[in-house]
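Colleague: When I checked Swiss-Prot for this same protein, it listed these features:
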type	residues	note
BINDING	87, 105, 106, 107, 108, 109, 512	ATP binding site
REGION	862-885	region 'Disordered'
COMPBIAS	867-885	compositional bias 'Basic and acidic residues'
BINDING	892, 894, 903, 904	Zn(2+) binding site
C-alpha cells in the first residue's frame, strides 16, 4: 500500500528514467538547427572529430548529444526520416546497457542506428543481433547508406560464408548477424588451430533485436558443435518397430484406466518414462528380436546403449509430432523452432533423438553426433562488455532480464497514443466450435473490408484452419515454416483490404504490417521507377490505407493462448501500429493444450453447470484471469528451468573459460617451452612421489616400478638402482633432483639434434591436439554426470553441490592428464626433421576440415535439462568412455583402498 502511494508521489522507476532522458533529448533538439546548417562534408567530418575527442579522453556520454544529433540529421537527408523524441530515448536506453520495450511500428531499426553509431566510434565494433538471416540482411542494407555516409563500415554475418569473408565482416564498425551465427563463430574460433584462422575480435557492444526471443525463449537451447560418432542406424530402425506396441498408462483416477500401461506421459513437463510393466514388456520384445540376452535386463551396464535407443524412440513417438515440432522435406527431418514457427535446416536434436525421429518417419537415418563444443546463449551474451536489447514485449520478463543478465527494462512511450481495441477471450467447449466461430469472425471482417491476421500455435493448426477457410471459399495466405520463402511478400500484403493471413506462432515477426499494403515494396518491384510512378503508387496506397482504417484497421485473431503472455502480446502488437485503429480477440476451447494441461478444472465445470449449448461461448473477466494465472504458472516454471540450466552451465562455463584462455595463450605465443618445462617438473615429481613416498624408509621404495614407468611412459632408461648402490648418500630429495635433471638433459639433447624452432612448433602442436582431445572427452563425461546427478537427491545430497564437486574433480583430472600426456608424448616421440612437424600439422588440418565438413550445428532439445530432484528422460549422450574416468586421487575401483594413481593408475 505504502509503495503504491510512494509511486504516485515520485513516479515509478520507469517514469524517473524517462524524465532524466527527456532532459538529454531537449539538449539534442537544441542542437538541431546547428546541424541542419552543416554541409554534407561537414556532417561527415563529425565522425573523425568524435574519434579524435575520444582519444583525447572524452567519454561516449560526453559525445552522446552531438552524435545522436549527427545521426538524426544524416537520416533526414538520406531517408527523409527524422528520429522521434521517443526513438532518441530508446537509443539512450540501449547505450546504457538496458532493454528498450518499444511497441510494434515504433521504428526499432531506426532507433538502433543511434547507439550503434556512438559505440562504433570506439573502433571496437558493434554487433546487431537479429533472429534470422532475412532480418540481418534487410536491416544491414536499410542502414548501410546512413552509416557509410558517416564514414562507418557495415558487414553482414550469415551462415556458410567463406572464412576470409567472415573475418573481413568482423572488422566492420557495425556488423549485422543472427544470434546463432555469432555464437557458433565463437565456438569455431575456439576450435581453430592457428591464430589467423579465427574470425572474431573482441566482444564489445551488442544490440539484440527481439531480445525476448533470443535471451528468454532460446535460453534453454544450447549451441552445440558436434562431429559424427559411430553409425547405429540399423538399431534405431529395429527399435522403432517395437515402440508402437507400447500402451500409454492412463491416470489412475480417469474413466479410461485399464491397469498399468507401458509408459507414462507428462504433457506439462514434456517427459515420458517406461513403467515397470513397460520395462519388462520391452525387455521381452528385445529378447525376441535377438537384441538382448535371455538373462539380461535393460539396466545392466552392457545394455545402457539399448536403453538410450529405447528412450529416444519413445520420446520421438510420444512427445514429438510431425508438422508441429518438425516437418519432413526432401527425405530429411527438419526441426521447427517452437518460438518462431520457422524451420531450422541443418539443426539436429542431440542424444539420438533426431535419429529416432528419422526412423519413425522412415527417412534416411544420419549418424549420431558427439559434442565437440557447446555454450548457452546466456553465457555467450554475458561475454560482451556492453549488452542491450529491443523488443515490443519485455516488461512481463523484466525480473528475468535483471536477475540473469543484469539488464533493466525501460518501457518507451509510443509516439502516438495506442487505440487498439483488445476484446475479451471467448471460450468454447470444443475445438470444432471454436474454429466455426473463427470462420464467422473472418467472414464478417472480410465482408466489411477489414484485414485479418490469424495466429496459430503450430503448422498443423494453420493447415487445419486453412482447409476450413478453403471450404468456406475465403481467399487467404498461409505464413508458416513451410512457406517462409514468400514470407516478406505475404506480410507486405497482410494489411490490404479484406486480406486474410494465417501466421504460425510469430512467423513474419520483425516486419511491420502496414495498413493498405506496403507501398515501398511495390516501388521496389520496379526497375528505376520515375518520381511520377512513385507518386501514383503512394496515392493509391493512401486511398487503400484510409479504406482499411474506416473498416477498423487490422483485426488480430488468436486461435489459442500461448504458454507465455508475452507471445500473446506479440501477436496483439501486430495491430495498432503508430496509433492506427485495430482490434484483437482470442478464441479458446477446453481442448486447447494450455487449457487442458494448466487451466483449472473450475473453468470446465463452470461451463458445464451453465448448461452451455453447442456453439455457445463464455466471455467473462474471471475466465480471462484464470487463463492468465495458468500462464503465470507456466512462465514461472519455465523461468526456473532456465535459471537451473544456467546454474549447471555456469560450472561448465568456468571450465570452458580456463580451457579457451589456455588455447588462446597457446596460439598467441610461438614458444611454450617454459610451460612444457614446468609441466615436466610437476609430472616427474608426482610420479616420483607415487613410487618413493615422501619421508619414507628405503624398504618402502618401489625402485623397480619407478624405473619401468620412466622407461615406458617417458622413454627414460635410468640406472636408478645402480645410483643408489654406488652412493649411500643419495637420499630421496637428491634422487628426485637427479632423475629430473636427467630428463631435462635427454630432452635438451633431442632439441639440439632436431633444432630449437622445429621442437618449439612440435610442442605447440602436441599441446593443442592433446588439449582438444581431452576437452572433447571431458564434455562427454560432463554430459554423462549431469544426466544422473538428480539421483543424488535420493541419498539426501544436494545434486547441484554434488555436480559442482564432481565436475571440479573431473576438470582437475583433465588438467593432470593434459600435463602427463603432453610430457609423455614429447619424451617418447622422435622428431627427425621439420617435415615431421609439417606432416603432423597437415594431418591435423585435414582432420579439422573433415570435422568442419561433417559437423552439425545443433540446438540441444530444450526439454531434456534436469531439475534438482526430478529425472528428465534418460537420454545418454554419445560417450567416449563407457564409464566415468577415475580421477588420479580417487580411491581405486579395484577395492584395494589405495589411491588410483598408486594402484591401477600406475599401469
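Glycine too: its Cβ is placed from the backbone N, Cα and C atoms.
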Colleague: Looking only at 106, 512, which of these binding-site residues has the biggest number of Cβ atoms within 10 Å around its Cβ?
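Modeller: Per the Cβ count, the most surrounded site is 106.
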Colleague: Could you check what DSSP calls residue 512 (ATP binding site) once collapsed to helix, strand or coil?
Modeller: coil
Colleague: Can you give me the residues near the recorded ATP site, meaning same chain, not 87, 105, 106, 107, 108, 109, 512 themselves, Cβ no more than 8 Å from the center of the site's Cβ atoms?
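Modeller: So the additional residues around the site are 102, 104, 110, 111.
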Colleague: Let's check the environment of residue 109 (ATP binding site): how many other CB atoms sit within 10 Å of its CB?
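Modeller: Neighbour count, Cβ to Cβ under the 10 Å cut-off: 17.
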